[in-house]
Amino acid sequence: MTDTPADDLKPSFRSDVTVELVKHTASDADVLFAARVSTLGEQSLDELQKDPERSKGLINYLMRDRHGSPFEHNSMTFFVSAPIFVFREFMRHRVGWSYNEESGRYRELQPVFYVPDADRKLVQEGRPGKYVFVEGTKEQQTLVGRAMEDSYRQSYEAYQEMLAAGVAREVARSVLPVGLYSSMYATCNARSLMHFLGLRTQHELAKVPSFPQREIEMVGEKMEAEWARLMPLTYAAFNANGRVAP
Ligand SMILES: Cc1cc2nc3c(=O)[nH]c(=O)nc-3n(C[C@H](O)[C@H](O)[C@H](O)COP(=O)(O)OP(=O)(O)OC[C@H]3O[C@@H](n4cnc5c(N)ncnc54)[C@H](O)[C@@H]3O)c2cc1C
C-alpha cells in the first residue's frame, strides 16, 4: 500500500543539486597540529597560531611534496540530494569517505526527478577520451524535457500501481530510473575531498585535467565552496599545487 497522500504523488522536476555542510571539525590548524608532532611533540593551539606565514609555508610544503596524512585529521559531513546516477559515480570514491543513503526498501521513494536546465550542454562531439560537449539545438532541448518527463511519469505510475496492489517497495522500485533524486550523508576529510575534487571538477589550475559528468561536478563545486571557507590555507595550497591530492 502507498503511504503518500495523493497530492504528493505528482512528479516534480529539478535541475539542481543540494549540498549542505551539516557537521564539521575542520580547520588549517588541524593540519599544522598533525604535521608538527613530527618535530615538536604535543603543542597548544596558541603555539600553532603564532606564526601565520610559517603555517602557510608548512601547509604548502606538505601539499607540494605530497605528505598527505596531516590532511586527514579533520572531518566534514555533507547532506547531498542529487539524482541516483550521481550517487553511483560518487560511491566509487572508497577511501576516506563514509556514506549513508536513504533506503528504497524502508521508505516509499518520492517522485522528484532530474531534468537538465537550458545551460546543460547536451551533445558530445569527438571520440572516446577526446571529446567536448556543445549546446543542443532548441529541438533537442525540447525533446529531452518532454521525453524525460513522460518517461518519469510512466515509471512512477507503475511504481505506485505495484505498491497499491501490495507489492513490496524493494520489488516495485525496479521500475524507477536513475534520474530519480536520492539523498545521503557523506563524510570525508580534506585529503579524500581533494582526491575527489581532482577527479570530479574541471579547473584551470588543474595540472591533470579531468572530464567529469557535469552533475557530479555540480556537487563537487558546492562541497569545494564549503571546504574553502573552513580551510583557506589548505585550499590555497591545493590550487597552487595543481589540484592534485597529496
Ligand atoms: C572522468 C571519469 C570517468 C570515469 N569513468 C569510469 C567508467 O567508465 N567505468 C568505471 O567503472 N569507473 C569510471 N570512473 C571511476 C574511476 O575509475 C574511479 O573508480 C573513481 O574515480 C574513484 O577514484 P579512486 O579509485 O582513485 O578513489 P578511491 O576509491 O577513493 O581511492 C583513492 C585511492 O586509493 C588507492 N586505492 C583505492 N582502492 C585501491 C585498490 N583496490 N587497490 C590499490 N589502490 C587502491 C588508489 O591510489 C586510489 O586513487 C571514472 C571516473 C572519472 C573521474
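Going from the start of the chain as shown, residues are counted 1 onward.
A Cβ is built for glycine as well, from the same backbone N, Cα and C atoms used for every other residue.
Whatever TrEMBL says is automated annotation, not expert-curated.
Residues Arg92, His93, Arg94, Glu101, Asn189, Ala190, Arg191, His195 are recorded by TrEMBL as FAD binders, and the candidate that the same record lists for that site, out of Ser69, Ser81, Ser174, Ser210, is Ser69. Binding site for dUMP per TrEMBL: Glu89, Phe90, Met91, Arg92, Glu101, Glu102, Ser103, Gly104, Arg105, Arg200, plus Arg173 from the candidate set Arg54, Arg64, Arg173, Arg229. Nearest Cα neighbour of Glu101 (FAD binding site) among the listed binding-site residues (Glu89, Met91, Arg200): Met91. In the vicinity of ligand 1, defined as a Cβ distance under 6 Å, the following of the binding-site residues Ser69, Glu89, His93, Arg105, Ala190 are placed: His93. In this structure, the CA atom of Arg105 (dUMP binding site) is 24 Å away from the CA atom of His93 (FAD binding site). Here the candidates are the binding-site residues Ser69, Ala190, His195. The one whose C-alpha lies nearest to that of Glu89 (dUMP binding site) is His195.
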